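Asks: Would you mind keeping the following structure in view while I ask a few things?
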Amino acid sequence: PRPPRPRKEPQPLVIPRSAAEEQRLRLERLMRNPEKTVPIPEKLNEWAPRPPPEFVRDVMGSSAGAGSGEFHVYRHLRRREYQRQDFMDAMAEKQRLDEEFQKKLERNKMIAEEQTAKRRRKRQKLKEKKLQAKKNKLEQKKQEKEPGQSQEQGSSEDDEEDSKEEEEKEDDAEEPSFVMGR
């Protein structure tokens with residue numbers, strides 16, 4: 001004799017009133033035992049018609065003497081062939097739509113790249129204008145301070161030093177104006 005099985009407490013019968021409630025009940029049932037594996041169904045293959053026969057054995061001619069059952073055989077063959085042709089047309093249409101979609105994605109991607117490049121150029125121009133304005137401003141200040149000296153000799157060296165100082169200033173983060181915790 002077998003040992004008695006432990007009895008499970010009976011689950012109350014709950015009839016779902018909506019799709020959301022049904023989904024909630026399924027999730028609750030799954031979460032009762034999280035260690036249990038959940039079967040995930042694989043994608044079903046699409047229906048495809050049988051390929052046409054390579055060799056037709058019972059060819060029906062237009063001769064007299066065909067029995068009454070021959071019409072049904074002919075009708076099934078015709079229906080199967082129409083189904084196969086419809087399937088091929090649907091697959092061709094699906095393939096055409098997929099290609100159009102891919103072309104549209106590529107076109108949109110190219111447009112987005114062009115817009116990004118255009119905006120990048122615009123930002124770069126503004127950045128260069130700002131740098132040029134700073135250099136001009138520094139040159140004007142130097143001219144005001146040293147009106148008698150020739151600007152041609154020291155301008156290239158001064159510009160390099162000023163640009164290095166400007167880059168260092170831009171790289172440094174803003175100094176905190178207060179320190180917390182003191």
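Every residue, even glycine, has its Cβ placed from backbone N, Cα and C.
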Asks: Which stretch does TrEMBL mark as region 'Disordered', out of 29-50, 51-72?
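Replies: Going through 29-50, 51-72 one by one, TrEMBL gives region 'Disordered' for 29-50.
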Asks: Which residue counts does DSSP yield for the region 'Disordered' (29-50) in the helix, strand and coil classes, in that order?
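Replies: Taking each residue of the region 'Disordered' (29-50) in turn, the totals are 3 helix, 0 strand, 19 coil.
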